[in-house]
Amino acid sequence: MDKIFESLYKAGCDVRMFEKLSCHTSIKIGGRVKYLVLPNDVFSLERAITVLKDFPFQIMGLGTNLLVQDEDLDIAVLKTERLNQIEIKGEKVLVESGTPLKRLCLFLMEAELGGLEFAYGIPGSVGGAIFMNAGAYGGEIGEFIEAVEVLKDGRKIWLSKNEIFFGYRDSTFKREKLIITRAMMSFKKEKKETIKAKMEDYMRRRLEKQPLDLPSAGSVFKRPREDFYVGKAIESLGLKGYRIGGAQISEKHAGFIVNTGSATFDDVMKLIEFVRKKVKEKYGVELETEVEIWWNGRQW
């Protein structure tokens, strides 16, 4: 038996060899990975990282803001979807990193804790959202963080909010490549009916404006400044519906690239670079990608 496979299994993880990541990303693109590792709890995640100390690995939440190369990757991917426990402590909530944001929002609604309604419908995990400081409709997840537990140099440590930097789609965790395991978040009491109404309103807006019927990796580009709307800029260039191979600029929202059924990593990357070039020519603005890209087993 493969020694790394055996050690990961003994560490309390389920392990799949040569698993296609296209089955684990929302855009349905991605080659085979040598080890797909599913830790069953925070402790098995810790042990898995120890096993992989001399083998390259990446952390994956729900794969919703991720673009992965088509070629096989000689790495391990630790997918945190089973780290999904939520514990309420008054007006504070302790939540594990693999918890889907939607599930956390529904939990908060039942507990009558308000504030995170804007995140209902964002399809990622709590850990991924904290990592990139996800936000929508004027809210960002970093506003609700009291402390975050991370794995750093083989040790579990808690960082308080005063030790954490949050910026626009940016954070300490992203800059320092820290592995998020749990977060303590703080909310305010709110009536269930009010929370539900807000969540339904945000979801209605998403359904109206975003291409939720086709595979995508979410919003592709960061907004370069507050008054520059990327989707509108791309639309003004007449690029809605423009496609390269199976990758297409969404006809519903030009800030999204969708997989029409046969898109490859190269199709999407070429389309990203084409859009960046056209926006630079017209507006003099350099677009940065919001989507995380794995190429040659590393973040691009």
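First residue shown is number 1, and so on along the chain.
Here the Cβ of each residue, glycine as well, is placed from N, Cα and C on the backbone.
Positions annotated as domain 'FAD-binding PCMH-type' by Swiss-Prot, on the basis of sequence analysis: 28-190. The active site annotation in Swiss-Prot covers ARG169, GLU290. Swiss-Prot lists SER219 with the feature active site, proton donor, giving sequence analysis as the kind of evidence.
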Q. Helix, strand or coil: which one is GLU290 (active site) in, per DSSP?
A. coil
Q: Looking only at the domain 'FAD-binding PCMH-type' (28-190), report the model's average pLDDT.
A: 97
Q: Sort out the sequence-distant neighbours of SER219 (active site, proton donor) for me: same chain, 6+ apart, CB within less than 8 Å of its CB, listed by position.
A: ASN65, VAL230, GLY255, PHE256, GLU290, VAL291
Q | DSSP three-state assignment (helix, strand or coil) for ARG169 (active site) | A | coil
Q: Inside 10 Å of the Cβ of ARG169 (active site), count up the other Cβ atoms and send me the figure.
A: 20
